[in-house]
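The following features are taken from TrEMBL:
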- 28-47: transmembrane segment (TRANSMEM)
- 53-79: transmembrane segment (TRANSMEM)
- 100-118: transmembrane segment (TRANSMEM)
- 124-148: transmembrane segment (TRANSMEM)
- 160-181: transmembrane segment (TRANSMEM)
- 187-208: transmembrane segment (TRANSMEM)
- 220-239: transmembrane segment (TRANSMEM)
- 245-265: transmembrane segment (TRANSMEM)
- 277-296: transmembrane segment (TRANSMEM)
- 308-330: transmembrane segment (TRANSMEM)
Amino acid sequence: MRATSENLASCHSLAAHQAHPPRRSAPLIPAAYFGIVLGLGGFANSWRVAHRAWGASAAIGETIFALAAAAWIVVLALYSWKWIAAREAALIEARHPVQCCFIGLAGVATLLIAQGALPYSRALAIALFAAGATFTTGFGVWRTGLLWQGGRAVEATTSVLLLPVVAGGFVMAATAGAFGWPTWAGLAFGAALFSWLGIESVLLHRLYTAAPLLPALRPTLGIQLAPPSVGALAYLATGADPTSLVPQAFLGFALLQALLLLRLWPWITEQPFAPSYWAVTFGVTALPTALIKVSAASPSHAYSDLAFATFVASNLIMIVVVILTVFWVFRQKSAAP
C-alpha cells in the first residue's frame with residue numbers, strides 16, 4: 001500500500017509540473033520524445049536495407065537519417081536544458097514509475113545515430129557509440145537495480161520496462177555488429193535476450209490479471225513489437241545465419257505482436273493522439289528491416305512477400321504518425337496562452 005501511494009504521489013506530482021510548467025525560454029520536454037528519434041532512425045535503416053536489397057532510392061534513406069539526426073540534436077538539447085533549467089521537474093520524471101524508463105532512450109537514440117553516421121565518419125560513429133553504450137548500460141543497471149528492490153505497484157508495470165535493458169541491449173548489439181564487432185554484439189544480445197524473457201513474463205502476468213491499462217498508457221503497448229523485431233536484427237548482427245531457425249522464431253513472434261496490436265488498436269486509440277504514439281514506430285520499422293535481410297538470404301518467397309508487405313505498411317504508418325504529430329504541434333500552439 002505504501003508503494004502504491006508513493007507511485008500515485010509521483011504521478012500527481014509529475015502531472016502538476018506538466019500542467020503548470022515553469023516559464024522558460026525553451027520548452028521542457030519529457031524523455032519520451034526520444035522515441036521520435038528511434039522511429040525516424042529505424043525508418044532510415046529500413047530504407048537503407050531496402051536500397052541494398054531491392055535497389056530502392058538511396059536518397060530517401062539518407063534524407064530520413066538527416067531528419068533523425070536533426071531530431072536527436074533538438075531533443076537531446078531540450079532534454080539536457082530541462083535538467084539545467086528545471087531540475088526538480090527532471091528529478092520527478094526520473095522517479096516516476098512509468099516515465100523514468102523513457103530516459104534510457106537517450107542512449108538508445110544515440111546508438112541509432114551512431115549506426116547512421118557510420119558511412120560518413122567511422123571516428124564520429126565510434127564516439128557516438130561509446131557515449132550511447134555507456135549511458136544505456138549505466139542507466140539500465142541503475143534502473144534495474146531499483147526494480148530489484150521491489151515496492152512497485154502492479155498498475156505501474158507497463159511495456160516501458162522493456163526500454164532500458166532490452167531495447168538498449170538489442171540496439172547496442174545491432175550497432176556493435178555494424179562496426180564489425182561480433183563478440184560485443186553477442187554479449188549485448190545475450191544481456192537483452194534474457195532480460196526480455198524475464199520482463200515479458202512479468203508484463204503478461206500484469207496484463208492478464210490486473211486492471212486494464214489506463215487510456216493514457218495504452219499506446220505504450222506498441223513497444224511490444226520492438227523486442228522481437230529489433231532482436232532479430234541484433235541476432236543477425238552477431239554474424240549468424242539469416243536462414244537459421246532463430247531469426248525465423250524472432251520474426252514469427254514479431255508478426256504475432258503486430259497482429260495483436262492490430263486487434264487492440266481501437267481500444268488503444270481511445271487515447272487521443274499524442275507523441276506517445278511514437279512508441280509503436282521503432283518496432284514497426286524494425287520488422288520490415290529484419291524481414292528484408294532474411295529474405296535476401298532465403299530462397300523462400302514467403303519472406304520476400306512479408307518483407308514487401310510490412311515495408312509498405314510501415315511507410316504508411318510512419319506517414320500517418322508524422323502528419324498527426326504536425327497537427328498535434330499546431331493544436332498545442334493554438335491552445336497555448
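Every residue, even glycine, has its Cβ placed from backbone N, Cα and C.
TrEMBL entries are annotated by machine, without manual review.
Sequence-distant contacts of the transmembrane segment (53-79) (same chain, six or more residues past either end, CB-CB distance under 8 Å): 26-29, 31, 33-34, 36-37, 40-41, 43-47, 106, 109-110, 112-113, 116-117, 292-293, 295-296. With respect to Cβ pairs under 8 Å, the transmembrane segment (160-181) is most closely packed against 220-239, considering the stretches 28-47, 124-148, 220-239, 308-330. In terms of C-beta pairs under 8 Å, the stretch of 100-118, 124-148, 277-296, 308-330 lying closest in packing to the transmembrane segment (245-265) is 277-296.
Among the listed stretches 28-47, 100-118, 124-148, 308-330, the one sharing the most Cβ pairs under 8 Å with the transmembrane segment (277-296) is 28-47.
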